[in-house]
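Following: one structure in C-alpha cells, then a few remarks.
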Amino acid sequence: MSLQPKSIKSWTPVANSSPATLEERDIPAKTPAADDVDVKVLYCGVCASDVTALDGESGPLVENAVYGHEVVGEVVAVGPEAEGIKVGDIVGIGAQSDCCRTCEFCEEHNDQFCAKNTFSISLPFGKYQRGPADGEFPHGGFAKFWRGPSRFAVKIPSGLDPAVAAPLLCAGVTVYSPMLHYGVGTRAMRVGVVGIGGLGHLAIQFAKAMGARVTAISRGTGKKDDALALGADEYISTSSDLASDFKGHERSLDLIICTINPPELEASSYIPLLRPRGTFVVLGLIQKDFTLSPMALLMGASGVAASAIGSPDELRQMFDLAVKHNIRPWITKYNFDDVNLAIEDFRAGKPRFRFVLVNTDNGGSMA
C-alpha cells in the first residue's frame, strides 16, 4: 500500500491560549519518502518534554505543532524502500524520527548521537534535514496517524501490551540506555535511583531485572511503599539537608541514575554516595544551575555524566528485557478527546506514574 494521506487529523496548540491547550484539526502530512511508513496511532504517552514544549519552554511554538513521542500504532502503508516493516505490524516510535544515515554514529547504530538528529515532535530547532521532507517540521503522535522513516519504527513484541509499551519508548529507554552503557548486568552493581516518578519507577524495574541491588532515593516517605513494590531493596528518604540524609550511606552505590528535574541541582551532595570510580548520571532537564565541586569527585575518581533517549537497537533490546522480566510502567489512560484534561492533570503533578492517550477511533482500548 502506498503512502497516501496529504493531511492528518492532529491535536495542535490553540493560538494564544494560556495555559496552552490543544485542538483537533487537519494539518499537512510529512512529504513522503521512499523509506517512510504510515502508522495508525493507537496509543501515545504524555511526557514532560511534550508539556514543557507546549508551554513554550523549548522556544516559540511551531505552527501546526504536534507533540507526543511515545507513539504506538499499526502500520497501514509502507514506502518501496521501507525495511523490516510490513503492513499490519504493531510498532513504536520514540523521541527520534530521523538521522543522516552516513556519519560514524549512524553507521555504528548510535543514531541518537547524529549531529542531524531529528526529534519526533515539532520543536523550533528540529526540522528534517534530508530527503523530500528536508526543511519540514516533524509531527508527533498526538494525531490519528504518524508518518516517518521505517528505521525509527520499532516492532513491539507480541508479549507486550501496546498501551504499556508506549511509555517505554522515551521514559523506558532513557533509563535503560545509561544502565547498559555503564555495565549494569555485566557484574554485581549497586544502583541508586533519584526520583520515583515516570522515569524513576522504570529505572528501579530495569536495574533489578539487570541484576542490580537498587536503592530508591526520594523526598519524604510518600513513595516508599511504591518504590519497594517496584523492587527497590532500600529506600532513602531525603529532606533539604541531604548531607544528614545520606549519613551511613556513603560509598554505597556504583551508579546513580538521577531522574529529577528541579530548576537547580546541587549534584555535589550526591557524590559521597558513590563508590570509587562510580558515576552519577543526570537524566533530568536542569533549567538553571547545576552545582558540582571537582573536589567531590577527585578522591573517589568519580564521574558525572548525562544521557538522553536511546537508539532503535537499544529500544529492541529494552523491549526484549521488558517481556522477559515483566517490566511494566504504571499507567493511567485518557481518551484522546480528553487530551487537555490529561495535560492539565500532568501539570498538576497527578501522574502515577505515566499517562497514555488512547485513540479509540483507531482501535485503541481504554480497558
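Each residue, glycine too, has its Cβ placed from N, Cα and C.
The feature compositional bias 'Polar residues' is assigned by TrEMBL to 1-20. Note on the compositional bias 'Polar residues' (1-20): residues 26-29, 32, 36-38, 54-56, 61, 64-66, 76-79, 87, 139, 142-147, 336, 339, 344, 347 of its chain, located 6 or more positions outside it, place their CB under 8 angstroms from a CB of the stretch.
Annotation comment: TrEMBL describes 17-357 as domain 'Enoyl reductase (ER)'.
The region 'Disordered' feature in TrEMBL is assigned to 1-26. For the region 'Disordered' (1-26), the DSSP counts in helix, strand and coil order read 0 helix, 12 strand, 14 coil.
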